[in-house]
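Participant: Pasting a structure here, questions to come.
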């Protein structure tokens with residue numbers, strides 16, 4: 001095949017209009033141009049809208065994620081065994097409290113090491129960074145300090161803008177467009193600590209198969225990609241969840257149901273919040289072992305994360321461990337440890 005990677009913005013845009021794929025090397029070239037600010041905001045907006053209309057392919061997503069990783073500020077964790085990210089693409093419009101943020105403390109208390117990669121609210125009522133800050137966690141630590149948190153506490157939070165400085169060129173365009181774009185798919189694929197394991201929630205059923213295959217191409221070890229049929233980008237308590245799993249290089253797709261794990265189904269209405277403050281209150285309630293749907297959905301998601309992190313051999317075993325982590329107070333203690341350590345390391349902030 002000829003060397004086609006030098007593609008102009010206009011050629012790339014035409015390709016999306018004609019519903020034709022942009023090849024891997026071309027996508028690398030395009031993304032590098034976007035990251036270095038070579039592309040004008042108009043062409044950037046046109047291309048990412050065109051990709052969305054055409055529907056991004058696994059190859060396009062993989063190439064774009066490779067470039068984002070290339071330009072990112074890394075967190076070097078010495079031992080990545082049992083290291084997992086618990087993350088959603090967001091944009092599911094469900095306005096629930098920060099389930100994955102809460103689940104990370106539970107998973108860490110039960111033996112996983114969690115490198116959580118998140119940002120402020122884009123489409124939800126409360127982004128993971130918003131709620132972490134309100135809990136007292138210092139979200140602006142240096143990469144070295146975050147690695148220390150992961151190694152010593154078992155959990156670290158990476159505030160996305162600090163690790164993807166090149167994204168500043170795209171941020172205003174994304175904000176003004178106000179639609180989901182390829183960048184919603186890329187954030188969860190670009191963990192700065194290089195977590196080899198991941199529990200990823202997606203906002204559309206088609207993305208289960210797409211994202212798990214992108215993760216396979218990007219070299220992930222154990223990935224569990226989920227979509228709740230009630231529209232949630234989490235393992236759902238109110239519906240069947242579609243799962244795409246990558247393990248030992250093989251992909252399997254299947255469905256799970258809360259009742260498979262002895263859980264009582266509940267509508268996600270009980271999980272809705274309006275403000276980061278409400279999200280914080282609900283999250284603290286879960287860690288304080290308050291019974292109800294919020295606790296159950298966190299147990300479900302933390303349990304699946306423990307399975308993704310290879311701490312347990314089955315999702316059921318993970319769910320049992322997650323329940324103990326909450327009921328023993330270990331998950332609550334994990335939050336306190338992260339708050340304390342992140343504040344102590346403030347001197348190491350950016």
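Placed from the backbone N, Cα and C atoms, the Cβ positions cover glycine too.
The anthranilate 1 binding site annotation in Swiss-Prot covers 88. Residues annotated as 5-phospho-alpha-D-ribose 1-diphosphate binding site in Swiss-Prot: 88, 91-92, 96, 98-101, 116-124, 128. Marked as Mg(2+) 1 binding site by Swiss-Prot: 100, 234. Residues or ranges marked as anthranilate 2 binding site in Swiss-Prot (evidence: sequence analysis): 174. Taken from Swiss-Prot, the feature Mg(2+) 2 binding site applies to 233, 234, supported by sequence analysis.
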Participant: Using DSSP reduced to three states, classify residue 233 (Mg(2+) 2 binding site) as helix, strand or coil.
Facilitator: coil
Participant: What is the one among the binding-site residues 96, 100 whose Cβ has the most other Cβ atoms less than or equal to 10 Å away?
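Facilitator: Of the binding-site residues 96, 100, the highest Cβ count within 10 Å belongs to 100.
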Participant: In whole Å, note down how far the CA of residue 234 (Mg(2+) 1 binding site) lies from the CA of residue 117 (5-phospho-alpha-D-ribose 1-diphosphate binding site).
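Facilitator: That separation, Cα to Cα, works out to 16 Å.
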Participant: Which one is closest to residue 233 (Mg(2+) 2 binding site) in space, judged by CA to CA distance, out of the binding-site residues 88, 100, 174?
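Facilitator: That would be 88, nearest by Cα distance.
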Participant: Please name which of the binding-site residues listed here, 88, 96, 100, 120, 234, is nearest in space to residue 174 (anthranilate 2 binding site), Cα against Cα.
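Facilitator: So, spelling it out, the nearest of the binding-site residues is 120.
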Participant: What is the one among the binding-site residues 117, 120, 174 whose Cβ has the most other Cβ atoms less than or equal to 10 Å away?
Facilitator: 117
Participant: Calculate the distance in Å between the alpha carbons (Cα) of residue 120 (5-phospho-alpha-D-ribose 1-diphosphate binding site) and residue 234 (Mg(2+) 1 binding site), and round it to a whole number.
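Facilitator: For residue 120 (5-phospho-alpha-D-ribose 1-diphosphate binding site) versus residue 234 (Mg(2+) 1 binding site), the Cα atoms are 18 Å apart.
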Participant: Just the number: how many Å between the Cα atoms of the residue listed as 'anthranilate 1 binding site' and residue 96 (5-phospho-alpha-D-ribose 1-diphosphate binding site)?
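Facilitator: Distance between the two Cα atoms comes out at 12 Å.
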Participant: In the three-state scheme derived from DSSP, which category covers residue 120 (5-phospho-alpha-D-ribose 1-diphosphate binding site)?
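Facilitator: In the DSSP reduction, residue 120 (5-phospho-alpha-D-ribose 1-diphosphate binding site) maps to coil.
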Participant: Take the C-alpha atoms of residue 100 (5-phospho-alpha-D-ribose 1-diphosphate binding site) and residue 234 (Mg(2+) 1 binding site) and report the distance between them in angstrom, rounded.
Facilitator: 8
Participant: Pop the Cα-Cα gap between residue 96 (5-phospho-alpha-D-ribose 1-diphosphate binding site) and residue 234 (Mg(2+) 1 binding site) into the table, whole Å please.
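Facilitator: Computed Cα spacing between residue 234 (Mg(2+) 1 binding site) and residue 96 (5-phospho-alpha-D-ribose 1-diphosphate binding site) is 10 Å.
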Participant: Helix, strand or coil: which one is residue 100 (5-phospho-alpha-D-ribose 1-diphosphate binding site) in, per DSSP?
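Facilitator: DSSP assigns residue 100 (5-phospho-alpha-D-ribose 1-diphosphate binding site) to helix.
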